[in-house]
Amino acid sequence: MDATTSGTPTVQYHNIPDQPLTAIVAAPVSAFLRQVRHCFGDSTPGEFPLAANPSIVLHVLTTCNLDPQDLAKLEATCSFFRQPANFAPDYELSISELAALDMCQRRAIFKPMTDEERQSLKHRCGGSWKLVLRFLLAGEACCRREKSQAIAGPGHSIAVTSSGAVYSFGSNSSGQLGHGNTEEDWRPQQIRSLQGIRIIQAAAGAGRTMLISDAGRVYAFGKDSFGEAEYGVQGTKLVTTPQPVESLKDIFVVQAAIGNFFTAVLSREGRVYTFSWGKDSKLGHKTEPNDVEPQPLLGALENIPVVQIAAGYCYLLCLACQPSGMSVYSVGCGLGGKLGHGSRTDEKYPRLIEQFQLLNLQPMVVAAGAWHAAVVGRDGRVCTWGWGRYGCLGHGNEDCESVPKVVEALSNVKAVHVATGDYTTFVVSDDGDVYSFGCGESASLGHNTAGEGQQGNRHANVLSPELVMSLKQVNERVVQISLTNSIYWNAHTFALTESGKLYAFGAGDKGQLGIELANNQTERGNPERVDIDLN
């Protein structure tokens, strides 16, 4: 909430010094007294209030480079000043470091970590609890971690509720729905074998699904090969119910991304591991096509924490969190310029995309389409690059862009979320409006000016961003868009609203929309409500 509009005096917090607690305590404290002496008051160890002024936490959050809206939300909800801290006082830390550590302790991923693991993460993030806090918050923001989400996979779909229940529907030829059979079903069905396990993330590929629990375990079902192509011959064994991936049991995983020929996972410490498609010239390590052992991604990101990964056709994008700010690295196949380095050459090891520094843009969300990619900056600008076929880059043409380029048509829009698919892009603004552009096949862009039974222009390609009026009629704020990222399947799209309502449109020939179609229908042009409450 803006202090200037609420009548509350503006708090000046930018120049608050980082004072260690030893500078606040007037006299030396004996070893005995240190057990009962506290920053303020005389409560018992572990129950001391760390500060009495909200300017302290604003200082912490400001040094974490958070968006002003995030600052306001955190200021409104933080109980740092009203409740006991989660630890005994540390006289070696400054007040702002103590505040950051206290807020880290409240993050779900941080809570189960041992002291050794926490110190290792602190060192990896740059030696500061404020940097650890920024790392944790950035991961939560860009991945909807532990929030409801919908995944529009190739031919099948996955929906995760805010409580961690999982629903699946659509194509099931490989058992990718996880119901113990290979029967196609348009009706969303809960995966019963996961009862008692809270799922926080999901990924869907052709004939394959991966789920991640709040305990960091990965469950996979469908085709058993991690690295097969969309229509590859590997992976003849089918897994029809979720099974834990044993090779990942010693890695606490927080995100998975399924690309063509490979799969990548992200650990809670920000390390990236890949399965298959190595061959030494691809991802910097040697693997076989059906390799089921995770291999660490070598090169520049070995010592830099990553908060988000995104996989496309034979390439991987990594959103990294460094003391100097957020950055994007890319690795893999460079055809179409989709790696963003100004060329079309392959990259064996992750390479920094330098263009964002020249644009003075801090990346906050990254999306990898089949042949193009997109980023949302902290200031709300959107950049796209790669193969611009059908206008999927939003620059008014079909040209390729080998470095990130700002979408000027969205200059008056503050974006907060972006999603990319097969030559299709969606952007969500901070007020919940949705814009789309690119390939109009299967009516997956949502631009349907004609009636439902007519063709109209809903299949037309869109070269520049257009407001999706059909979602405007939902009269509710959209918080997430997901669309099919595959060159082999007709695309469908999900729009998730703030209250947990899910709307679907586009191709539905395999039941992937979660709604029943008439006998002569294969798609829906207008968003239709899916019968699931994700909240």
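Using N, Cα and C of the backbone, Cβ positions are placed for all residues, glycine too.
If you look up TrEMBL, you'll see 148-482 marked as domain 'RCC1-like'. The repeat 'RCC1' feature in TrEMBL is assigned to 164-215, 216-269, 270-322, 326-379, 380-431, 432-499, 500-535.
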- [ ] Could you tell me whether the repeat 'RCC1' (164-215) and the repeat 'RCC1' (326-379) have 3+ CB pairs under 8 A, leaving out pairs under 6 positions apart?
- [x] no
- [ ] Select the range from 380-431, 432-499, 500-535 that forms the most Cβ-Cβ pairs under 8 Å with the repeat 'RCC1' (164-215).
- [x] 500-535
Task: Same-chain residues at least 6 beyond the ends of the repeat 'RCC1' (500-535) whose Cβ lies under 8 Å from its Cβ atoms - done: 148-150, 152-153, 155-157, 159-162, 167, 169-171, 184-188, 442-444, 446, 448, 450, 452, 456, 458, 470-471, 474, 476, 483-484, 489-494
Open item on the list: Could you give me three numbers for the repeat 'RCC1' (326-379), the DSSP helix, strand and coil residue counts?
Closed with: 7 helix, 25 strand, 22 coil
- [ ] Let me know the model's mean pLDDT on the repeat 'RCC1' (164-215).
- [x] 95
